[in-house]
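Below: one structure, written as structure tokens.
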Amino acid sequence: MRILLTNDDGIHAEGLSVLERIALTISDDVWVVAPEVDQSGLAHSLTLSEPLRLRQVSERHFALRGTPTDCVIMAARKILDRKPDLVLSGVNIGANLADDVTYSGTVAGAIEGTLQGIRSIAVSQAYHHAVGGAVSWDVAETHAPALIRTLMNVELPDGTLLNVNFPNCAADAVAGVEVTSQGKLEFGLSIDERIDGRGYPYFWLRFGERYGDFRSGTDIHAVRENRISVTPLKLDLTDYTVQERIARALREGTGA
């Protein structure tokens, strides 16, 4: 089985090395195509305004000056002689929960794999940003191999990917695996305005304390309770529940 690895933290990210160790417990045919530099928060973006520069790091490791989406496209359509059987994107430094998935380059790597017709899983590791920036990968390294093997054999409809988040706890403190829905988070987002050396303003987006809906059954609730969250996500963003309501309003508004 051929496995393609990508991420959004870049080719030198520790989480990518962790993911490669995980993948090698499943198959010996593992390829890495990852961004040359950090592409966090770029979501499912393509590079269209400049060329894609590819650097071969080793026989099966490639760095691309592009986004995670670019990486999966290049791997599937250029680098590999045949499509992989599985795309793993991660392991991201920090969880990708709730509204995170709309911004996440990690999830986007799995989205693009799904668009290419490949079984795809996004993998992220929660951690507390305030505690010295240290990330413990033990949970992912311990539990991901068996979990991925199981998820590989689950029949999924076309256009569905899986978003896996590991809790921030000791590996032996994990309270199981939960299939979850996407929760709702507020990011406490603010704009930090500063002045450069020439007196011109510039800005940073600053994330504050997160808060949200921690209802049972959601990804954020599961991770908070030290459970591994597995959320199936659909590429089809249509809200079927309001189609008829809108159609009725249009009929009544136009007299149709």
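Cβ coordinates come from backbone N, Cα and C, glycine included.
For reference, Swiss-Prot has these:
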BINDING   Asp8, Asp9, Ser40, Asn92  divalent metal cation binding site
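Location within the structure of each feature annotated in Swiss-Prot.
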residue : record                             : CB count, 10 Å
Asp8    : divalent metal cation binding site : 32
Asp9    : divalent metal cation binding site : 23
Ser40   : divalent metal cation binding site : 19
Asn92   : divalent metal cation binding site : 30
In three-state DSSP terms, the structure that Asp9 (divalent metal cation binding site) belongs to: coil
Additional residues surrounding divalent metal cation, by Cβ distance to the Asp8, Asp9, Ser40, Asn92 centre under 8 Å: Asn7, Gly10, Ala13, Gly15, Asp38, Gln39, Pro68, Gly90, Ile93, Gly94, Ser104, Gly105, Thr106
